[in-house]
Amino acid sequence: SPHHANGTSYAATLVAIVTLEAFAGMWINAFIVSVICMAWIQKKTLNSSEKILLLVGFTRFGFLCISCLYYLFSTLYPNYLHVHPLFPLISSLQTMLIEAHLWVSTCLCVFYCIKIANFSNSFFIYLKVKIDTIVPWLLVGSLLFSLVAGILDYDATDEALRKNLNLTSQGIISKASIGTDEHFSSLYFISGFGFVTSFLAVTFSALLLLFSLWRHKRNMQANSMKDLSMDAHIKAMKSILSFLVMYSINFGVLMSTLISSFWEPNHMMFLIYLFLYAFPAFHSLILICTNPKLEKTMLSILSCVICKVCMK
């Protein structure tokens, strides 16, 4: 029928857009991982910011891969997805990776705040001195929290499916609103706690860093010190502001994903997924443009590609 044809065409368009978006994000984050891994091989060591960037790229690449597959199958081939234990496994991996990339990017923002900002507070000075020692523990803590969220998701999904969903003789799970199941209460709590805590940490760190940079910029202006350092501070402030705006929107989207468990699929859900998959790509692109090593490598690769294209 025309209505069915329109629905199929609409679903295919959405899948195409989300897939292209996810592939772009995967390439960008794969680039970050490959550049840092090559630097690791050459230097035999990584500094704190490189360790965080490596995990950011790795977790975002994994999240986009799993999420792209999940969205593709849930939209076009739901019967192939809703089988036991595939559905709980993919759902738990998605939850674990979204929490991981969220928390690791939070660690990056906190690291930049402590490393760049200047305050006379004794505790802040202590953190600045010890930050390189603290970073590995922050990363391990982030991954452990993400693992707990993934385990809770698997247990909740598995238990809900066993209790509330009807299994056919082929093991295909009939679609139902399992998000309202009581087993998901602990998962919603820890996911919501993770989203809110990371958002507050990023907001607080970004505001502290902005205040420190603004104060330094004002002092230089008062002393008529117009130099490259001030331009760098202005560039850093713009970068932090753009990240804070993006992170705020991403927080709203993540909270919407929790609430969306009670919704039927609609156009609003597509907008939610659209930004959910766009954030890892856009933010990683900002990280490349603000990191001299990554930016230099990217520009050299682009120049080589352009030269080869022009020569043909």
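Each Cβ is built from the backbone N, Cα and C atoms, and glycine gets one as well.
Taken verbatim from TrEMBL:
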- 12-40: transmembrane segment (TRANSMEM)
- 52-73: transmembrane segment (TRANSMEM)
- 93-114: transmembrane segment (TRANSMEM)
- 134-152: transmembrane segment (TRANSMEM)
- 187-211: transmembrane segment (TRANSMEM)
- 240-263: transmembrane segment (TRANSMEM)
- 269-289: transmembrane segment (TRANSMEM)
**Asked** How about the transmembrane segment (187-211) and the transmembrane segment (93-114): do they have 3 or more C-beta pairs under 8 A, pairs 6 or more apart in sequence?
**Response** yes
Ranked by Cβ pairs within a distance under 8 Å of the transmembrane segment (269-289), the first of 12-40, 52-73, 134-152 is 12-40
